[in-house]
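Trainee: This structure is in structure tokens; I'll ask about it shortly.
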């Protein structure tokens, strides 16, 4: 338990700062551009991380929203109820996860449709021999073809959105004080460690996407969708009264605190 608490203390000191919430979006955008330029001008040699079958990609990134949802749900419920003691307010705050799910679903559907309507089925990876019959991506692959369209980077979108959402929700830790002997302390500490490591995985894999996968325009659009999803909620809508609201900063039920305003 001592090691877990020490790890949680380090992660809190790293991710809960207001400066992190303020500058992380800019850092992600800048690293995406820098990584993309590196990929175009001086590609890195292939490595384990450039293989789409690597463990982090298969078991974490491909289900990034599921990981984020499942860890934020108990974290938001426990911390918000601890601070406010109001079940209704906790349910209201938990609706941020429904909003996030809707953003994830709509954006991925948009990306899929863009790739479909801009794509064609080819007979080889060299994009030779276009098949003229109307095919979907799935039908193309099923017939041994190769689909090529404008593939907006879903990883750039989702990893940006998930990392920023976790950092926003962890800001509540400024106010959370629990008795070390209480089971709530153990639960929150474990969730802090899990969410902290998850955030670092998302940022690291975002950087790997920048230097290994997609072209610049695909990553720009993906990252832009992630930033818009974050800012449209935490930077705009959640500041309004008719919204899930921001994480509480004090024991009052007021969710609109100045330190969260940008």
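Placement of Cβ uses the backbone N, Cα and C atoms for every residue, glycine included.
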Trainee: Per Swiss-Prot, which of 219-239, 240-260 is transmembrane segment?
Mentor: 219-239
Trainee: Pick from 125-145, 146-166: which range does Swiss-Prot record as transmembrane segment?
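Mentor: Among 125-145, 146-166, the range Swiss-Prot annotates as transmembrane segment is 146-166.
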Trainee: Quick one: does Swiss-Prot have residue 47 and residue 215 on the same side of the membrane?
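Mentor: Topology check (Swiss-Prot): residue 47 vs residue 215, same domain name.
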Trainee: What stretch of 58-78, 94-114, 219-239 shows the most Cβ pairs under 8 Å to the transmembrane segment (24-44)?
Mentor: 219-239
Trainee: By Cβ distance under 8 Å, which residues at least 6 away from the ends of the transmembrane segment (146-166) in the same chain are close to it?
Mentor: 15, 24-25, 28, 32, 61, 64-65, 67-68, 72, 96, 100, 103-104, 107-108, 110-111, 114-125, 127, 137, 140, 195, 198-199, 202-203, 205-206, 209-210, 213-214, 217-219, 221-223, 225-227, 229-230, 234
Trainee: Could you say which of the active-site residues 155, 214 has its Cβ with the most other Cβ atoms inside 10 Å?
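Mentor: Answer by Cβ density within 10 Å: 155.
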Trainee: How do the residues of the topological domain 'Lumenal' (207-218) split into helix, strand and coil according to DSSP?
Mentor: 9 helix, 0 strand, 3 coil
